[in-house]
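The annotation compositional bias 'Polar residues' is assigned in TrEMBL to 399-408. According to TrEMBL, the feature compositional bias 'Low complexity' maps to 509-519. Positions annotated as compositional bias 'Gly residues' by TrEMBL: 542-553. Positions annotated as domain 'Ferric oxidoreductase' by TrEMBL: 141-257. The feature domain 'Ferric reductase NAD binding' is assigned by TrEMBL to 438-600. Per TrEMBL, the feature region 'Disordered' maps to 390-414, 509-561. The transmembrane segment annotation in TrEMBL covers 180-201, 207-228, 240-259.
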Amino acid sequence: MGLFTYRFIEGLTEAEKQARRRALDNYGLAAQLSDLLPVVLILLYRLTKWVVKERVDGSANGEYAAVPSSPVMKKRREEGVRSWSMRKRRLRWWLGEDVVAAGHVYGQRDQWIVGVVWFLWLAVLSIKDTGEDYLHLTKRFGIVAVSQYPLQYLLSLKSLNPFSYLLKSSHEQVNRWHRVSARVTTTLLFIHAALYLNFYIQNNRLYRLGVPLVLAGVVAFFSLNLMLTTALRPVRRFSYRLFFITHLLLAISIPFLVLFHAAPARSYMIQALLVFFVDLISRKMDTVTGHAKFESIPGTNLVKLSAAIPHVKINRFRGSPGSHIYLSIPAAARATFQDPTSISHLLFEFLFNPFTVASVGEQESEVTMIARHNGGPMTAALGHYAVLAKQQQQQQQQPPSRSANSLSIPDARNEGKIPLNIEGPYGSVTHFPNFGQFDRVLLVAGGVGATFTVPVYKSVVAENPNAKVKMVWSVRTAGDATWALLREGLMDDENVQIYVTGVTEGRTRGGVWDQQQQDGGEGSGAEGTEMSRMFRRRSGSNSGGSGGGGTGGRFTSLHNRQRPDLRRVVDEMFRHGQEEKVAVVVCGPEEMARELREYVGVWVRRGRVVWFHKEGFGF
C-alpha cells in the first residue's frame, strides 16, 4: 500500500501514461507561471496607489470634486486615512521583525509568512488531480519543485536581476526571497525523495539507487542540502570562502545532474543555467582592474586600500554613496605570497569578497575601502600587501648603501600599486528615498560599519545642508576611527558622536553587541595619539555646551569610553514632534542593529512615520 489513500498502480496503459505525463507537464508549467503572480500583484498595488494619489492631488489643485465635503466630513476622512496609514506602518514593521530562536536569527516574519503560503500553494499544485496514483504524486512533487529553479536563479542575480528593476529594489532586498524560494524548493524535493525511497523500500527495489539515472538524482539532492547547509549564517561567518566556493560549484553542477536524472525537467534546468551564465558574463564584463595602494592603520587590524578605476566608471560610484564592490585578486598579484602550483592559488580564483566603498575621490578616479583583518584568506592577503607597502616605504627612506640587501619587490609593484579586480558598484543606496522628505535622520554605525554610514552621512548633508542629521559611531579603539575623522573632515562636525567601547584602564564594555567585536587595546600609533589629542582639544572647545559637564556630551575622553545609550539616542531623535518624519539607518553588528530596531519600534507603535534600513555585513 502507498501513502494514505494512494496506491502503487502497476500496468498502466500507454494512453494512461501519456495522460499522466501531460498532467505533470501542465502542473509544472502552472507552478512556474504562478511565480509571476506576486510581481503582478505588487505592480497592480503600485499602479492603484499612483492613481489614487493623482486623483487626490488633482482635487487639491482645484479640479472638480464629485462629492462636496463639509469640514466635519473632511476631518473624518483625514482621521480615517491617518488611522489606516498607522495600521499599515505597524503591520509593515511587525512583518520586518526578526524570527529569533536559541539566540540565532532565522529570517524575518514576512519571509516565513510568504514562505509558508507559497509552499502551501505549490503543495496544492503537487497534489491536485493525482487521484490515487502514488507515483503520479511522487513525480508531481518533483516537477513542481524543479519548475521553481529559473525563479530561484533569477532572484539570486546581482547584475541583471529583472526583479530589482521591476520592483525598484536592490539585489540584497531581492536576495531575501531567493533564500525563501530555496527553502521551499528543497522541502518539495525532500518530499519527492522521501516518497520515492518509500516506494523502493516497500517494493524491494533499493537496488535502483545504484542505477545511474536514479543516482544522479540522489547526488543532486544531497548537493542541494550541502548548498543550503553552507549558506547558513554560522557557516558563512566561520568561512565565507567555504560558502562561496560551495555555492558557486553546486549552482553549476546541480542543473546538469537533474538534466541527466529527469528528462521532463530539462527545460527548467536549461533556463536556470542560461540565467546563471548570462549574469556571469555580464558581471565579468562589468569587472575592471584597478591598481591599489595599501596602508595599515596604526594600532588596529584595519587596512586601507585606495584603487584607481577607469574614469568612465567613477560616476557610478559617486552617484551611489555607501555602495559595495566585489573584490578579487588576479593571479599576477598573488606571486608575493603564494606558490602558483598550490591549491590555495587555485581557490583564490573563486574568491570574490564584498567590501563597502568608504569614499570616492572628488577629483581623481579613485575609490577607498577599509578592510578588517579577521583571519580570512582575502583580508590576510590585503594585510600582506600593506606590509609590503610599508617595507617599500622604509626601503625608500634608507641610504642607497643599505638598500642592496633589502627585500626585493617585483617590478609591477615598484610604485606600491597592486592590481585588483573590482566588480560593482552594488547596494541598496540607489533605491533609498530622498532624505529631504524627512525631518530628522539618524545614522548609527558599529566598527567598520561606518564605511557605509560615513558616505551616506556626507551625501545627506551635501544634498540637504539644513537637514537635522545625527551620526552615532561606536568603535573599539580610537584608532579605528582615524581613517574617517582625519581624512573625511568629521572631527569638527557637531552632529557626529564617537564612542570608544574598548577595554581600557579597568573599564568594561557596556553591552552584548560590544562583546561581538574582537578584543584589542588602545591604538598605540602616531595617529592613535593624535586622535586622543584631538578628542581633548574638541572637549575644551565645547566648554560652553550643555550636558556632560559642559562638553556637550561629545568627544571627551571620559564620555567616549563607553557604549552609546541607544535608547536615549532614539528617544532624543523622536521627542521633538509627533508629526516629524524620521529616517534611521544602521550598519554594524547584528545585536546592535536589533537593539536599535527595538527602541525605534516603540515609536512606530505609537504611530510615528519611520523609514528604517539595516545594512548588513553579510551577502
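Including glycine, each Cβ sits where the backbone N, Cα and C put it.
Because the structure is a prediction, the values reported are computed rather than measured.
Same-chain residues lying 6 or more positions outside the transmembrane segment (180-201) and placing a CB less than 8 Å from one of its CB atoms are 2-3, 8, 107, 111, 114-115, 118-119, 122-123, 126, 134-135, 137-139, 141-142, 144-146, 148-149, 151-152, 155, 208-209, 217-218, 221, 224-225, 228, 231. Taken together, the residues of the domain 'Ferric oxidoreductase' (141-257) have an average pLDDT of 91. Tertiary neighbourhood of the transmembrane segment (240-259): same-chain residues 146, 149, 153, 216-217, 219-220, 223-224, 226-227, 230-231, 265-266, 269-270, 272-273, 276, 347, 350-353, 376-378, selected by CB-CB distance under 8 Å and a gap of 6+ residues from either end. Counting only same-chain residues 6+ beyond the ends of the transmembrane segment (207-228), those with a CB under 8 A from a CB of the stretch are 182-183, 186, 189-190, 193, 200, 246-247, 250-251, 253-254, 257-258, 260-262. Secondary structure of the domain 'Ferric oxidoreductase' (141-257) per DSSP (helix as H, G, I; strand as E, B; remaining residues coil): 100 helix, 0 strand, 17 coil.
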